[in-house]
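Report on the following structure.
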Amino acid sequence: MSKVVMMNHPLIQHKLTLIRDKNTGSKDFRQLVKEVSMLMGYEVTRDLALEEVEIETPVVKTKSKVISGKKLGIVPILRAGLGMVDGILELVPAAKVGHVGLYRDPETLKPVEYYSKFPADIEERDFIVVDPMLATGGSAVAAIDVLKKKGATSIKLVNLVACPEGIEEVERCHPDVDIYVASIDEKLNDHGYIVPGLGDAGDRLYGTK
Ligand code: URA
């Protein structure tokens, strides 16, 4: 069963309130999403394996820890997921970035992949799939499907705002994927928006309508 990790660090909650506010413009919105993503990235990478290496300080030879084991991959779901990449990359600059683009088939209403590109060594990486909103869960499930089909075995999902419907869908389809969120909101409305939510994350990031 997926683990759902709620990140209620005061800084994350404070910045999320500013992100939700409809009076926050695109420039601040982008900056805040980046900052919250970085803070969430700190927690998401908490279980990275460490190994001891020998180094020399200006004073003495010593053993000290560095991150070992599998390398990281960050996968934004286009387009809004892009807003979360830079914050995590600042923490883990060696991570590679894959991309998944999905559109909704107008007849089946199911997400269809129109673009994907991943690092070559996909089996050897731990992946962090990012999307600010976990609404129906359709896109997240489809993006994780694509990654798994290409060989990924270790995947975490990171969303700023989720709702119970989306969490249930990811848990049902991908019980091995842990979900990290800054908020679990009340519900989805009839237009597919999370309530209270923050509106359309892509439009607010990029100033479109
Ligand atoms: N996608 C968004 O950008 N906002 C929502 O509320 C739901 C899905």
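Each residue's number is its place along the chain shown, starting with 1.
For all residues, glycine too, the Cβ spot is worked out from N, Cα and C.
Copied from TrEMBL, the annotated features are:
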type    : residues                                                                                      : note
BINDING : Arg79, Arg104, Asp131, Pro132, Met133, Leu134, Ala135, Thr136, Gly137, Gly138, Ser139, Asp200 : 5-phospho-alpha-D-ribose 1-diphosphate binding site
BINDING : Ile194, Gly199, Asp200, Ala201                                                                : uracil binding site
DOMAIN  : 7-208                                                                                         : domain 'Phosphoribosyltransferase'
Alpha-carbon distance [Asp200 (uracil binding site); Ala135 (5-phospho-alpha-D-ribose 1-diphosphate binding site)] in Å: 11
Proximal residue to Gly137 (5-phospho-alpha-D-ribose 1-diphosphate binding site) among binding-site residues Ile194, Gly199, Asp200, Ala201 (C-alpha distance): Ile194
Rounded inter-Cα distance in Å - Ala201 (uracil binding site), Met133 (5-phospho-alpha-D-ribose 1-diphosphate binding site): 7
Ile194 (uracil binding site) versus Met133 (5-phospho-alpha-D-ribose 1-diphosphate binding site) - Cα distance in angstrom: 8
Separation of alpha carbons, Asp131 (5-phospho-alpha-D-ribose 1-diphosphate binding site) and Ile194 (uracil binding site) (Å): 14
Reduced DSSP assignment, Gly199 (uracil binding site): coil
Largest tally of Cβ atoms lying within 10 Å of a Cβ, found at which of the binding-site residues Gly137, Gly199: Gly137
Number of other Cβ atoms within 10 Å of the Cβ of Ile194 (uracil binding site) across all protein chains: 26
Chain-internal residues, separated by at least six, CB under 8 A from Ser139 (5-phospho-alpha-D-ribose 1-diphosphate binding site): Ile77, Leu102, Pro111, Asp131
Among Asp131, Met133, Ala201, the binding-site residues whose C-beta sits under 6 Å from ligand 1: Met133, Ala201
For Asp200 (uracil binding site): intrachain residues, at least 6 apart, with Cβ closer than 8 Å: Tyr193
Count of other CB atoms lying within 10 Å of the CB belonging to Asp131 (5-phospho-alpha-D-ribose 1-diphosphate binding site): 28
